[in-house]
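Here is what TrEMBL records for this protein:
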- 7-26: transmembrane segment (TRANSMEM)
- 32-49: transmembrane segment (TRANSMEM)
- 61-82: transmembrane segment (TRANSMEM)
- 88-107: transmembrane segment (TRANSMEM)
- 142-161: transmembrane segment (TRANSMEM)
- 173-193: transmembrane segment (TRANSMEM)
- 199-217: transmembrane segment (TRANSMEM)
Amino acid sequence: MLCINHQIMIVLFHLLAYYSISNNIISHRFLYTINIIIIILKEVLVYDIHKSLNDSFKNILDTIIIIGIIWILSPVMISLTQTHSDDTVYLVSLCILLPIHFMFHNYGFIYEKNENIDIFDSTSLSCVVVESVILGSRLPSIIQVFSFLFCSSILFFYTPFIVQTIVLKNINYYNYVLFPIIFIILSICIRSISIPLFYVNLFGHAFILFVIPALFVNKHNSKTVLEGPWDISGAPFVQKNTD
């Protein structure tokens, strides 16, 4: 269940970034620094795997192009939903697009030694891209729109490959080091905003991580009480040869 908790944490970081940027809680310089560190970490891991400067240079060039596109389109995106109310934007982004993202997300992606994202994961990524664009369009300034979209692209396009690389190298590093660190950072960020939300996050993750697997295992245990002939396992009938 860690993969489900992990994706929930990524989405929560995404929403925290929106809240923090819209309320000027964190500086843009701090946010850019974190994003650049994640990009550098990804490129170091890519080079460690492929041992190719050409691949690293290509990835860096792709990153620069993506950042440039976001910067160029930010003035357009800020006016994208001006004719719609906040309630409509939040309803579409939080109640429609994000649930679809969770529904079609490839939760086993980080365990696959494959950088090709299948169509279901592409669907989830498309939903979260549209969600980020329409949610970012509610921010009051171009620099805030750029910061939010930049942060979203890092969360949903870069961090999965970092986690995937760590898992494939040694899954214990992820289970006992990286996952707890991410959860602690998320919990601290949420607690700084709202203590009730901190407890909701804590018990929600505990429920998904411990209670749901326990219920699933309990439901599928072998039955000890026979309630009818449908509960009796039948041995396959083998016709004997009379010759």
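A Cβ is built for glycine as well, from the same backbone N, Cα and C atoms used for every other residue.
Curation plays no part in TrEMBL annotations; they are all automatic predictions.
Source: prediction; values computed, not measured.
Of the ranges 32-49, 88-107, 142-161, 173-193, the one with the most Cβ pairs under 8 Å to the transmembrane segment (61-82) is 142-161.
Long-range neighbours of the transmembrane segment (7-26) within the same chain, counting only residues 6 or more positions beyond its ends whose Cβ lies under 8 Å from a Cβ of the stretch, are 98, 101-102, 105, 107, 128, 132, 135-136, 138-140, 144, 147-148, 151-152, 155-156, 159, 182-183, 186, 189-190, 193, 201, 204-205, 208. Same-chain neighbours of the transmembrane segment (32-49): 55-56, 59-60, 63, 147, 150-151, 154, 158-159, 161-162, 165, counting only residues six or more beyond its ends whose CB sits under 8 Å from a CB of the stretch.
A Cβ distance under 8 Å defines the sequence-distant neighbours of the transmembrane segment (142-161), meaning residues of its chain 6+ beyond its ends; these are 10, 13-14, 17-18, 21-22, 28, 31-32, 35, 38-39, 42, 45-46, 66-67, 70-71, 74-75, 77-78, 109-110, 115, 125, 128-129, 132-133, 135-136. Distant neighbours of the transmembrane segment (88-107): 3-4, 7-8, 11, 81, 117-118, 120-121, 123-125, 127-128, 130-131, 134-135, 137-138; these residues of the same chain sit at least 6 beyond its ends, with a Cβ under 8 Å from one of its Cβ atoms.
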